[in-house]
Amino acid sequence: METRSVSRSPPWLPAARLRQQRPPRLRTPLTPPRAEAAKSPKAELRSSEYAPEVMEQQLRRTAFSRPETELRRCGAGRSASDARMAPARQRARITAPVRGVPVYVMLPLDTVWLLERDGTTQPLLIREKAMEVGLEMLSRAGVDGVMIDVWWGIAEHAGPGQYDFSAYRKLFEQVASKGLKVQAVMSFHAAGNNVGDCCRISLPRWVLEAGEADPDIFFTDNSGDRKRECLSGGADEQPVLAGRTPIQAQADFIAAFADEFGDLLGGVITEVTIGMGPAGELRYPSYPEGDGRWRFPGIGQFQCYDKYMLASLREAALAAGHPEWGHGGPHDSGHYNSHSSETGFFKSYGGSWDTEYGRFFLGWYSGLLIQHADRLLGAARQVLSARCRPRTMREARELSDGGMLYVFEPAVQLGIKLAGVHWWFKSRAHAAELTAGYYNTRERNGYLPIFEMLKRHSATASFTCVEMRDCEHPIEGRCSPEGLLNQVLSTAARAGVPMSGENALQRYDQWAFDKICDSAFGQSVMAGRLEKLTFLRMGDMMIDNWSAFGAFLQRLTCPPS
């Protein structure tokens, strides 16, 4: 952030730096007239890679016939007619007047892919024609923009400091031509280890080679297993990547992105989300799914056994006057698939988490995660605030001597993602959140320090699981996605940090849509509301359920008054 004081108003206005307004577009019917059907985007998609040739067959076997059946078991006495009446109940619950919620749609993970051509490997925009048709459909439906992963392992694959954003340039221009905005995610993790990942994208090869030389740059559990999905926060300030620290390497990547797309920042590109860990979320890889080691609702394991994190733990233990606490994580915290009551550390009553040692360890473990986010956000903000970058005027106020003070900030919004670790939320210890790095218990609000850190950087947060209900989950998991979301929203409102939401799973049933609308508009004065929704994800399933998605979109963007 830059402030500038002048004795009189300057002869220029920073209008050129302000975000460009999207040209108005008419909201067209989601189902085109019969005469136009042959020319409609939906008809064109039937022959694309996103949609089936025979739409009716796909609609009959849509993946969400099963969840709707299962959801009927959630509440005793609910009938099929109750589900059909859900939209009416929803409209009655939202009080007028309310403003709409902007909707962004996630693009496929493999939108940009590394392909070998003429003996070289280069990033390419694949399914280009299908993408153009899909973007046209989103634009006509009234979607505000799209979210896209800008993969570290693709754009800097050739070597340290060798960047290739050409495929992303082509994609962003295609998006802009449809009047849509871009939320660009700096994805400093690998794909293929999380729910819904349809492809595998590794970290850059040169980063993996650095990991072969020094395996401790990866998060490690107490059995010595390395998580090669992302780099350990303990190594943030270690020159382990060809002489650069991970923070420096990632800041350089963001700077190269800003150099390439300076003409789009603040106009087409409205937000830069900084990937902080596995799945791009600010958390530890405590519940890995890629190798089948963890199964829901296991509590997960602490990831603090690489040499860099152990060195930090020893230093913290010495400072606390208990050097014996610095040898590793709790010995009685169970394994990936344990339940809280099966461990000595996470037991609701008498567990070690509620002792002096437990409070020390959890404070250090969660604190290191927040420090990682603080460092990376600080570096990103410094890069995007440089004089050569597009900036906007945040405020202008008159000084006592009659001069004016102008305060500038980056033209794009900075943001991060938070994980919706909702299992074991109804227990006292909140074990799954603790192993993921969120020091949140029944007695302690672990999200407040995170939002206070975000506030310092003028950053936003995006939270998953906005479509989930408590009744959809097994009793033994002590799950409460609704309780967790309410806590996170109210904490964000208290700290003055804007919140966005994402659905964790692709769902097109009425129950999920109703819950997302509840989450978006807020049913409690204390809970606040979502500033934006990012919907998972563009692809075959969305096209198959296009009518349902369109009706849901109308409810979000044009709520009843």
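Placement of Cβ uses the backbone N, Cα and C atoms for every residue, glycine included.
Nobody curates TrEMBL annotations by hand; they come from automatic prediction.
What TrEMBL annotates here:
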REGION    1-47  region 'Disordered'
COMPBIAS  36-47  compositional bias 'Basic and acidic residues'
REGION    65-88  region 'Disordered'
BINDING   Asp149, His189, Asp197, Lys417, His422, Thr464, Asn503, Ala504, Arg537  substrate binding site
ACT_SITE  Glu281  active site, proton donor
ACT_SITE  Glu502  active site, proton acceptor
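Over all protein chains present, the Cβ of Asp149 (substrate binding site) has 24 other Cβ atoms lying within 10 Å. Cα of His422 (substrate binding site) to Cα of Glu281 (active site, proton donor): a distance of 15 Å. Looking at Glu281 (active site, proton donor) and Glu502 (active site, proton acceptor), their Cα atoms lie 12 Å from each other. With a cut-off of 8 Å between CB atoms and residues at least 6 apart in sequence, the same chain places Met106, Lys417, Ser462, Phe463, Thr464, Val466, Leu533, Thr534, Phe535, Leu536 near Glu502 (active site, proton acceptor), listed in sequence order. Candidate binding-site residues: His422, Arg537. Fewest other C-beta atoms within 10 angstroms, Arg537.
All protein chains considered, the CB of Glu281 (active site, proton donor) has 24 other CB atoms within 10 Å. Sequence-distant contacts (6 or more apart, same chain, Cβ under 8 Å) of Asn503 (substrate binding site) comprise Thr464, Cys465, Val466, Glu467, Ala512, Ile516, Phe535, Leu536.
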